[in-house]
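What follows is one structure encoded as structure tokens, with my remarks underneath.
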Amino acid sequence: MSEHLAAKKGEIAKIVLLPGAPLRAKHIANEFLTDPVCYNTVRNALGYTGTYKGVRISVQGTGMGIPTTLIYAEELINYYGYEVLIRVGTCGGMAPEIKVRDVVLAQSATTDSAIIQNAFGSGIYYAPTADFALLDEAYHIAKSLGINVKVGNIISEDRFYNDEIEREKLIKYNVLGAEMEAAGLYLVAAKYNVKALAVLTISNHIIDGTSTAATERERSFNDMEKVALETAVQSQIEKRSDE
Ligand SMILES: O=P(O)(O)O[C@H]1O[C@H](CO)[C@@H](O)[C@H]1O
Ligand SMILES: O=c1cc[nH]c(=O)[nH]1
């Protein structure tokens, strides 16, 4: 057991999908994984391991925001030795070309979080960035599945309700949407030299007000989940051919 996860070493796969919502983890396990086994219920942060197309994959709910997500990410990396982390989360659209239910691959993640300064001190504005191989793979997989996918910069915000942030300026600088975890994930992935990507579904549009129901956010964003799982499988194929 690590501090917050009840799994024994070996019960979690080297590839982990990370939804914020624990019930999305349950949905992914039941809908897509063969023989899923629940390895964690501590704090209701549900975690499952099973196989997808023969590849062992885990899915771990992280809760909302960078602090809670990094508890799980760092324990998964440092205690369980995992190598590929793919966030599967919801995102509020900001740019006008982004529509509800679009899939967005976060190439980079701007943030208002203090984690960058916390890690680097003042004067360095580190740019949290996705692993290019995962990003490239996910993009081509989405295209081949006919999924409407956009790629670009998003913002990981510390507050969901944030009417002080200058959204028009962010949109002008091509920030596509807002969520709450990717920047932290990319930062620790770089720190520990593991691969990370955030695959997101637009659950609502912050500017035009369109939205989706909570049940749909938990159970029906299957396009993003398929892209993440197929990318995970491909990352293992590439790893094996490198060895
Ligand atoms: O759907 P998840 O993965 O939780 O992601 C988004 O939804 C939550 C806010 O509603 C935040 O965690 C945000 O990043
Ligand atoms: O952080 C988030 C996630 C989904 N939708 C939003 O508006 N914000």
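Just so it is clear, glycine is given a Cβ too, placed from its N, Cα and C backbone atoms.
What you see is a predicted model, and the numbers here were worked out from it, not measured in a lab.
Features as listed in TrEMBL:
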type: BINDING; residues: H4, E179, M180, E181, S203, N204; note: purine D-ribonucleoside binding site
type: BINDING; residues: G20, R24, R43, R87, V88, G89, T90; note: phosphate binding site
type: DOMAIN; residues: 14-218; note: domain 'Nucleoside phosphorylase'
type: SITE; residues: R217; note: site 'Important for catalytic activity'
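Projection of TrEMBL feature records onto the structure.
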{"residue": "H4", "record": "purine D-ribonucleoside binding site", "contacts (Cβ under 8 Å, 6+ apart)": "V42, R43, A45, I71, Y72, E75"}
{"residue": "G20", "record": "phosphate binding site", "contacts (Cβ under 8 Å, 6+ apart)": "G61, T62, G63, M64, T69, G89, T90, M180, E181"}
{"residue": "R87", "record": "phosphate binding site", "contacts (Cβ under 8 Å, 6+ apart)": "L17, L18, P19, T62, T69, E181, A182, L185, A196, L197, A198, V199, L200"}
{"residue": "E179", "record": "purine D-ribonucleoside binding site", "contacts (Cβ under 8 Å, 6+ apart)": "G89, T90, C91, G92, A106, I154, I155, S156, E157, A198, L200"}
Review point. With every protein chain in view, how many other Cβ atoms are within 10 Å of the Cβ of S203 (purine D-ribonucleoside binding site)?
Key: 22
**Study point:** Among H4, G20, R87, V88, T90, N204, the binding-site residues whose C-beta sits under 6 Å from ligand 2
**Key:** T90, N204
**Study point:** Cα-Cα distance linking R24 (phosphate binding site) and S203 (purine D-ribonucleoside binding site), given in Å to the nearest integer
**Key:** 13
**Study point:** Coarse DSSP state, helix versus strand versus coil, of V88 (phosphate binding site)
**Key:** strand
Check your understanding: Can you list which of these binding-site residues (G89, T90, N204) have a Cβ closer than 6 Å to ligand 1?
Key -> G89, T90
Check your understanding: Can you check what DSSP calls E181 (purine D-ribonucleoside binding site), collapsed to helix, strand or coil?
Key -> coil
Practice item. Please report the number of other Cβ atoms within 10 Å of the Cβ of V88 (phosphate binding site). Key: 24
Review point. What's the CA to CA span in angstrom from V88 (phosphate binding site) over to N204 (purine D-ribonucleoside binding site)?
Key: 15
Check your understanding: Between R24 (phosphate binding site) and N204 (purine D-ribonucleoside binding site), what C-alpha distance do you get in Å?
Key -> 17
